[in-house]
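**Student:** Pulled these features from TrEMBL for this protein:
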- 325-344: compositional bias 'Basic and acidic residues' (COMPBIAS)
- 381-392: compositional bias 'Basic residues' (COMPBIAS)
- 310-392: region 'Disordered' (REGION)
- 78-118: repeat 'WD' (REPEAT)
- 119-160: repeat 'WD' (REPEAT)
Amino acid sequence: MELVAGCYEQVLFGFSVHPEPNASGDHQKWTPVADFTHHAHTASLSAVAANSRFVVTGSKDETIHIYDMKKKIDHGALVHHNGTITCLKFHGNRHLISGAEDGLICVWDAKKWECLKSIKAHKGHVTFLSIHPSGKLALSVGTDKTLRTWNLVEGRSAFIKNIKQNAHIVEWSPRGEKYVVVILNKIDVYHLDTAAVSGTITNEKRVSSVTFLSESVLAVAGDEEVVRFFDTDSLMCLCEFKAHENRVKDMFSFEILEHHVIVTASSDGFIKMWKLAQDKKVPPSLLCEVNTNARLTCLGVWLDSVTDTKESLPPAAEPSAVSKEQPKGSKKESGDAVQEEARKSKPNTKKRGLTGVSEKPTKGSGPVAAKKRKVGEILEKKRKKKKIRVMQ
């Protein structure tokens, strides 16, 4: 396992963390060890994401850099956007989705590192995006005061919702049954079956990061030292704890070795790992911390595929298909539109990828194969005509 964090100083830090048994033989001692620093960008880092092989970083220098975590080498850069990279999200090991201040959302093949699709997503900046656990839908927010739903199976816009202000964070829950939209210090909770706001959580300061700890518990960090856990159903604050000496910039949660862990990164330069209690009303306990002596901006966790992990998902929250229930009423509300997109795309998910292109084309069915067949048929006709002429 590796904690990776970007900073204003243009550097990506990597710290490997290994649990060591204590005297009783339990995995209690966690020690972060400096593994690498990578200085590939020419401006501050703004986003980081990881899959089982690579870590990618986005920057104000408008590029995305790829770092091979297995070989510990630079794997090159993706140059397509004209503006600060604002968000990077992997879906599995095959696709990366990026958003930037140029208003584009790009879908990348994470094997060949080719841009499969470039979408003009927002009239202003793309500020954040989140992929549904099924991989069929995505949500994005931008500086054009809209929340947009994307059909990733067909690679097109599915629904546009006008919101009163510019949102800067959007996040699906682990099962994809709800999502949150953050505007300043307000967190609107939406349910997929209605696509309507079911309630609003108010944080004391502007929200900088959110992460779901379960389907109903949301961790919230803001421009302050405190992290709070909220119940997204009752909208009540379950607990709060002082995590850092300065504002918390980013968070990430996952499960490893029967531990449910949340990682926090702050402007104070520290990256901290916390062990979550079963009861989320109890503040988490500190597992380990490391000081980077830098002004951290973004955080990611690289989980080796060999390690027994469940990334960001509690045991009962495996990604499931989108709800099939249709909301009551004859008018097609926003909830109907989102659900209809999920329903229409469902039959194709086994053979179609994030851009509607077949991931594994069957032999002889692709455009190249069809062309070969056509050429073969023409040649065969010419041979037959030649044979007839010779016989005559």
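Cβ coordinates come from backbone N, Cα and C, glycine included.
On this model, are these features tucked inside or out on the surface, and what's nearby?
**Tutor:** With a threshold of 8 Å between CB atoms, the same-chain residues lying at least 6 positions outside the repeat 'WD' (78-118) that come near it are 46-54, 56-60, 62-66, 124-131, 135, 138, 140, 142, 150, 152, 155, 353-355, 357, 359.
Counting residue by residue with DSSP, the repeat 'WD' (119-160) contains 0 helix, 25 strand, 17 coil.
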**Student:** As a test of reading the model: what is the averaged pLDDT for the repeat 'WD' (78-118)?
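**Tutor:** The predicted confidence over the repeat 'WD' (78-118), as a mean pLDDT, is 94.
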